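Participant: Got a structure for you, written out below as C-alpha cells; questions coming shortly.
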Amino acid sequence: MDEHKENIHGQEDHVKTSSVNEHEKEKPSSRLCPAGESAPQVSPSQSKGDFSHPVYKEIALANGHINRMTKDELRIKLAELKLDTRGVKDVMKKRLKSHYKKQKLMQTAAEGGPTDTYYDYICVVDFEATCEEDNPSDFLHEIIEFPMVLINTHTLEIVDTFQEYVKPELNPQLSDFCVKLTGITQKMVDEADPFPVVLQRVVSWLQERELGTKYKYAILTDGSWDMSKFLNIQCRVSRIKYPPFAKKWINIRKSYGNFYKVPRTQTKLSTMLEKLGLTYEGRPHSGLDDSRNIARIAVRMLQDGCQLRVNERMHGGQLLSVPSSAPVEGAPPPHNPRSRD
C-alpha cells in the first residue's frame, strides 16, 4: 500500500511530529564530521574514547579520498573489488566506504579493536488493510494481509517468509478500490481467520525461529503507518493488547534518508529501489511482495554500511522517535495475544 500510505501519511505528519517529546527527537547522526566527512559508528557499548583508535584516522582519510572520486572512478573501483556497481553516485560512495571500513574493522576486531553488531535478524512487515478511494478521517483500517520477511543480518540474505490473509470484522465487504489496489479478493478474506488467530500463528512462527530468545531481532517497516496506525487500530478493533514485540521498530524511510542524506520526498519504496539501482519485483501493493522489496532495500543498505537500528516506538498509544543515543535493544520474545478485557 505504499502510494496509498504516502497519501494518508501526509495527513498525519503534523500530529506525529507533535507527539514526539523534545528530548526524544533524533539527534544529528554521529557519522557527521565538521568537514562533512563520514566517520564510522561503533556499538553503543563502545566509549567515545574508542574513536582515538588509529583505525578511525585511516578510515577518515580513505573517506576523504572516496569523496573526491568521480562516478566513473567509483564504478571502476567497485568493479575491481567485485562489488555492486549499480546506483547513483552517493550510493556508490557509501558502498565503497563501507567496504573499506568493514575490512579495517574486521582486522582490528581480530586484534581486540572496535566492532559494531546489532541484531541477528530483521523482520520486515508491510500490512495491507481495508481502504476506500477517499478515506474519511474516522475510517478504521483493518488488516487484511499479514506478511513477514526475515533477513539474516550475518549472511545478508532473506531466509524465510510468512503470509496470511485476515478476515475484517467492522467492514467485512472489501471496496472495489481495495480489491483493485491490493489484489486481495473478497473470497480470500472470507476464507481467512480473524486477526487474533492470525496473530497467534505469527507469534508461533517467530517462536519457532527462536527470535527474542536465542537470537536478537527487530521489526522493520516502510514508514510509521503499519505499527502506529494499522496495528494500533486493529488491536482495538479485535479487543486485544498491542503486542510488546511490535512496540519498537526500524522505520526504513528514516534510516534511508539519514544514511544517504536525502529528503523525505526521496524515501518512497519505488524511489529507494530506483536510487539503489534496483527494480520492483512482484505485484505492487501485495503485502508479501512489498515486504520482499523492502527487505531487498534493507539488505542493500546493510551491504553499504548502514547500521539499521530501532528508531521509532509506541508508548501510551503515541508514536515517538527513538534517539540515536538510546541503548540498542532487540524486540522481546513474542507471546500470544492478550485480551483487553
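The backbone N, Cα and C atoms fix where each Cβ goes, and this holds for glycine too.
Unlike curated records, TrEMBL annotations are generated automatically.
Positions annotated as region 'Disordered' by TrEMBL: 1-50, 319-341. What TrEMBL records for 1-29 is compositional bias 'Basic and acidic residues'. TrEMBL lists 40-49 with the feature compositional bias 'Polar residues'. What TrEMBL lists as domain 'SAP' is 66-100. Taken from TrEMBL, the feature domain 'Exonuclease' applies to 121-307. Annotation source TrEMBL lists compositional bias 'Pro residues' at 330-341.
I'd like to know what surrounds each of these features in this structure.
Facilitator: Here the domain 'SAP' (66-100) has Cβ contacts under 8 Å with residues 37-38, 59, 259-262, 275-278, 300, 303-306 of the same chain, all six or more residues outside its ends.
Note: the region 'Disordered' (319-341) comprises 0 helix, 4 strand, 19 coil (DSSP; helix = H, G, I, strand = E, B).
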Participant: Averaged across the domain 'Exonuclease' (121-307), what pLDDT does the model get? Just tell me the whole number, please.
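Facilitator: Averaged over the domain 'Exonuclease' (121-307), per-residue pLDDT gives 96.
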